[in-house]
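Undergrad: Per TrEMBL, active site, proton donor/acceptor is recorded for ASP145. Residues annotated as Mg(2+) binding site in TrEMBL: ASN9, GLU382. Annotation comment: TrEMBL describes LYS16, HIS204, LEU205, GLY206, ASN207, GLY208, ASP279, CYS280, ARG281, GLY327, ILE328, GLY329, GLU330, ASN331 as ATP binding site. Taken from TrEMBL, the feature substrate binding site covers ARG88. Feature annotation from TrEMBL assigns site 'Transition state stabilizer' to HIS177, ARG237.
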Amino acid sequence: MTDSILVINCGSSSLKFAILSNAGQTLIVEGIAERLGSDDSSISFKFEGQKTEIELKDSSHKQAVTQIKYWLEKHPYIQKNLVGIGHRVVHGGETFTQSALIDQSVIQGIADCSQFAPLHTAAHVTGIEVALQIFPGLPQVAVFDTAFHQTLEPEQYLYPIPMAMYRDHHFRKYGFHGTSYRYISQRLAELDPKSQRQGVLVAHLGNGASTCAINKGKSSDTSMGITPLEGLMMGTRCGSLDPSLTSFISKAEHISCDEALDILNKKSGLLGISELSNDCRTLEEAMVSGDSRAKLALDMFASRTAKYLASVATTLESIDHLVFTGGIGENSSYLRHVICQHLKALNISIHEDKNNNAPRGIASEIHADHSNTKVWIIPTNEELVIALDTISLINH
Ligand code: ADP
């Protein structure tokens, strides 16, 4: 076992972690601390096929990281190989175009991006500060979800609003899921080396969902915006709509603009339309049992995903590859089928048998023989990218 990296993804009420060894290739242990800040928070460790759960007495992020440290102390052969910590950070603004070795100025830079993602940013800064206290000797690296999209041209990232809004406040499209898109671009290059010189469309479809166009290895457009609310319909987010609706909802429901935004972020999307669930698996089961609201929600999701694939494709010279990834993209043959039906005009077409029988957890090609575009399912691996960036920056 060499060069182990602790990867931390710190949210406001949860902290996911994993330790990867051998240049990120071996997952040693993973787990999650949940319900942080509440009375019944706990942390679980999945190690050698066994899951153990420990109650967290003061339910803090610090206690969660302390438990990881205790766990490592009980597994000294793992602890002695730990060489660094990689943190997933949602928003890096325009400051961070790539991953960064953490020092006080990087922590300040992350905190300065908090206007766009206040809850996430506060949690990230807490996670980093706590990890610095508990693992004082270990170098730490921040990996940003926005960084991969810093290659967008101004035509793509500017909103058509007064320029002063960009100049004075940095209001622009940033895009997210960048770590996943970078992984997909690199993995596709292993599977098909020509793809690095071609046009690639990626649909990252999970609870959060977005599309990205990758032109010769660089992000050229993406569907999410200044926050993850723009673009596709998602689990609980509405995606793009007429901004006047925010004002209409707040007036009609006698609520503030922020409360209206809360509805658009947390009560809309698959959940809002189906009035049943934000979870794709639950909705597919309901659809099969004849629930028309579940089917409508899924079909709207598919139609809007196709729309935002076609939209970002306008920045490509050709659409040589389309990749599905994320929990839904990797697993829902129904949604892949409906999305590709909507893309027929672009001569994108899947092979129904290959789509329906795609093996779980490994990359596979699912296009029809006559398709202009190769269609792939590629499982994403953001932890691997974070571990590799951490190794590369601490060895620099
Ligand atoms: P997150 O954005 O939280 O990381 P994930 O990428 O884990 O989300 O994706 C979660 C989504 O994937 C859920 O809607 C879940 O229902 C869906 N999903 C997972 N497995 C399947 C499956 N076998 N069939 C359909 N949907 C699935």
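Glycine is treated like the rest: Cβ placed from N, Cα and C.
A description of the local structural setting of each listed feature is requested, covering burial, neighbours and distances.
TA: Long-range neighbours of ASP145 (active site, proton donor/acceptor) (same chain, six or more residues apart, CB within less than 8 Å of its CB): ARG88, VAL89, VAL90, HIS91, GLY92, PHE176, HIS177, GLY178, THR179.
Sequence-distant neighbours of ASN9 (Mg(2+) binding site): residues of the same chain at least 6 apart with a C-beta under 8 Å from its C-beta are LEU15, LYS16, PHE17, HIS87, ARG88.
According to DSSP, ASN207 (ATP binding site) sits in a coil region rather than a helix or strand. Of all Cβ atoms in the shown protein chains, 16 besides its own fall within 10 Å of the Cβ of ASN207 (ATP binding site).
For the recorded site, ARG88 (substrate binding site), the DSSP three-state label reads strand.
Around the Cβ of HIS177 (site 'Transition state stabilizer'), the number of neighbouring Cβ atoms within 10 Å comes to 28.
Listed in sequence order, GLY208, PRO228, LEU229, LEU264, ASN265, LYS266, SER268, GLY269 are the same-chain residues six or more apart from ARG237 (site 'Transition state stabilizer') with CB atoms under 8 A from its CB.
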Undergrad: Of ARG88, ASP145, HIS177, ILE328, GLU330, which recorded positions come close to ligand 1, meaning Cβ under 6 Å from one of its atoms?
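TA: What lies within reach of ligand 1, judged by Cβ under 6 Å, is ILE328.
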Undergrad: Would you find the one among the binding-site residues LYS16, ARG88, ARG281 whose Cβ has the most company, meaning other Cβ atoms within 10 Å?
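TA: Answer returned by the neighbour count: ARG88.
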